[in-house]
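Contents: one structure, followed by commentary.
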Amino acid sequence: LHSAVTRIQVQRPGFNYTFAHICILNNDKTCIVDDIVHVLEELKAARSSNRTNFAITYPITHLKDGREVYNGHQLGGVTVHSKDRVKSAEAIQLTYYLQAINSLNDMVAEKWESIFCDTVELFQKSNRKVKMYPFTSSSLKEDFQKTSRVSERYLITSLVLVVTLAILCCSMQDCVRSKPWLGLLGLLTVTLATLTAAGIINLTGGKYNSTFLGIPFVMLGHGLYGTFEMLSSWRKTREDQHVKERTAAVFADSMLSFSLTTAMYLVTFGIGASPFTNIEAARIFCCNSCIAIFFNYLYVLSFYGSSLVFTGYIENNYQHSIFCRKVPKPEVLQEKPAWYRFLLTARFSEDTADSEETNTYESHLLVWFLKRYYCDWITNTYVKPFVVLFYLVYISFALMGYLQVSEGSDLSNIVATATRTIEYTTAQQKYFSNYSPVIGFYIYESIEYWNTSVQEDVLEYTKGFVRISWFESYLNYLRKLNISTGLPKKNFTDMLRNSFLKAPQFAHFSEDIIFSKKYNNEVDVVASRMFLVAKTMETKREELYDLLETLRKLSLTSKVKFIVFNPSFVYMDRYASSVGAPLQNSCISALFLLFFSAFLVADSLINVWLTLTVASVEFGVIGFMTLWKVELDCISVLCLIYGINYTIDNCAPLLSTFVLGKEFTRTKWVKNALEVHGVAILQSYLCYIVGLIPLAAVPSNLTRTLFRCLFLIALVTFFHCFAILPVILTFLPPSKKKRKEKKNPENREEIECVEMVDMDSTRVVDQITTV
């Protein structure tokens with residue numbers, strides 16, 4: 001396999017590049033390859049010469065030139081005899097290092113990586129007994145973007161389902177008052193806003209990534225609720241009013257709350273799109289969401305508002321809501337076939353007696369269900385204890401999950417399934433989790449290496465690690481020669497340069513020491529490096545993160561100035577910031593929203609109830625998310641931030657209507673709040689859930705996390721809107737006792753006398769009482 005890889009050729013005009021042309025070179029101008037390759041070469045030579053005394057030790061082995069090499073990250077699933085001699089190994093990891101010093105070299109290296117994967121897969125077909133998992137520097141990016149490609153047909157299915165349900169939710173048997181076009185146009189409004197945002201991002205040079213898959217669902221939850229709330233407000237207006245008056249009433253009733261929730265979305269995602277967020281993918285996601293939400297607000301005001309006016313005129317003219325044809329009177333319909341009468345069923349205003357106050361929109365299935373059945377059932381005295389008990393069970397399970405919450409750091413959580421990243425990381429975790437990757441320990445100042453106390457400090461800082469170090473080897477070298485390690489400076493540098501580094505077994509350490517000549521020809525060591533390896537357990541990534549933090553803190557407080565680095569630390573930092581930065585931003589957003597809303601709401605009690613509801617929803621989502629095996633990573637944290645806004649979107653109108661209600665009982669105002677806003681919440685929830693369901697089938701870990709988080713947010717919020725809040729509000733503040741208004745000078749009775757005099761001078765007094 002190694003021979004096949006080194007023979008790979010990248011054809012360019014006039015030249016064919018091989019691994020030897022693009023590899024990183026040693027001091028002797030040969031390609032750097034893993035030490036395990038040299039071990040295998042020596043093992044092969046020993047077998048060909050029938051030598052049986054060659055042994056491999058683990059995790060450090062010795063080559064025939066006397067060098068000590070670390071193989072803990074190159075041999076996996078190792079079984080050892082006594083004295084760390086390797087009996088067998090289940091896995092071998094080979095790493096090839098390529099240069100990227102200019103654009104041509106980078107292009108050739110990228111092409112070489114592509115051919116490398118094809119070569120390994122071809123080699124696998126001819127050697128089926130051995131499993132091979134290729135992975136390159138671009139594999140993670142390719143597998144991350146693959147989620148978009150595998151999601152396409154599922155998103156189309158989702159769109160078809162949402163369109164169908166949105167039309168059904170706005171339809172009713174009355175062909176005049178039915179509004180199927182508004183369901184479709186509401187979804188079109190959301191789609192236009194999303195496409196506008198995508199277009200602006202593309203035109204301004206923004207980069208697409210797979211986290212954008214969540215933006216349509218962010219827009220679906222917010223945008224559809226706004227359009228359904230406007231339609232619900234339309235149903236409350238009087239039919240004898242002019243369309244302009246009815247439209248004005250709709251905007252006055254629904255747009256204030258929609259404007260406030262839109263502002264909260266913009267603030268929350270605006271902070272996420274600011275420089276405070278140090279993750280580019282999250283920042284672009286938040287920026288795209290901000291633009292989409294802003295344009296959605298404009299389109300709802302203009303496009304959807306105009307559509308509502310248009311359908312209003314159709315309704316006032318008694319035209320069919322789908323075909324826009326004038327609906328004939330009932331007496332004319334009696335002469336038509338049954339199917340014709342069914343399609344043109346409508347209720348005319350003159351058919352309703354003056355004594356009847358029945359709302360003609362109550363024939364809508366959801367309105368009828370909430371008003372006639374659900375509102376009475378949920379506020380029933382015998383139902384309330386079961387709801388409270390169910391809430392306690394909900395809190396118990398949420399607490400159980402919350403105490404087990406784990407921070408996700410596995411790269412496989414953000415890519416599509418059945419990809420190279422998944423296969424490679426699974427194999428690496430299975431076979432190579434005994435030792436950490438090699439960590440570079442770099443001393444970047446001139447220190448007194450010859451001083452015994454400094455030597456002890458360096459050894460103390462690296463205590464507990466497997467050290468692959470010129471420093472320790474040099475000290476052992478001196479001890480073998482019975483020379484004190486506390487040499488004078490000149491003797492130290494002379495011994496280091498002239499004896500130690502010229503010995504064959506230590507020659508490779510020459511790359512780890514940087515010398516500098518001074519004006520008096522003295523030689524000083526200005527910088528050096530050593531390599532460290534830590535013993536790890538199965539929770540490798542979490543231990544690596546703790547190790548990184550420990551070494552960083554030590555580098556800030558130690559007497560010796562040093563830095564530590566390993567390429568995997570890049571992912572560790574990304575992991576830490578992917579959780580910490582969004583959580584920090586969400587806390588800032590929550591505090592700002594509380595401060596912002598305190599000046600806008602009519603009653604401070606609305607703010608209190610809203611805060612408690614959001615806390616309950618987020619607590620439950622985090623708990624159940626953990627029980628559903630979803631870790632706290634960048635995707636789930638972004639969903640939790642969205643969950644705050646989604647909860648406010650749905651619960652704020654209910655709480656506002658209840659808190660501001662006067663004179664009637666709590667139960668009466670709970671029913672009223674559900675009747676007024678429940679239909680819009682139920683309609684948007686049904687469309688949202690139906691849109692999410694196809695996402696569960698996408699073969700991607702990213703969409704799996706997205707589906708589970710968004711589904712839990714929608715489910716828990718719905719549970720609070722239709723069960724918890726309606727029950728708890730019936731026996732907790734504020735009080736709804738009837739307030740007797742005191743009489744005051746402004747509330748006195750006034751009697752106006754009007755004199756009417758006839759021709760006979762007869763005086764008649766007509767008393768008119770006004771209050």
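Any Cβ shown, glycine's included, is placed from N, Cα and C.
Predicted automatically and left uncurated, TrEMBL annotations should be read as such.
Checking TrEMBL for transmembrane segment across the ranges 208-228, 439-459, 460-480 points to 208-228. TrEMBL assigns the feature transmembrane segment to residues 248-269, out of the candidate ranges 248-269, 292-313. Contact counts against the transmembrane segment (382-403), taken as Cβ pairs under 8 Å, peak for 608-628 among the stretches 180-201, 248-269, 608-628, 676-698, 710-732.
Among the stretches 154-174, 180-201, 248-269, 608-628, the one making the largest number of Cβ pairs under 8 Å with the transmembrane segment (676-698) is 154-174.
The average pLDDT for the domain 'SSD' (151-310) in the predicted structure is 88.
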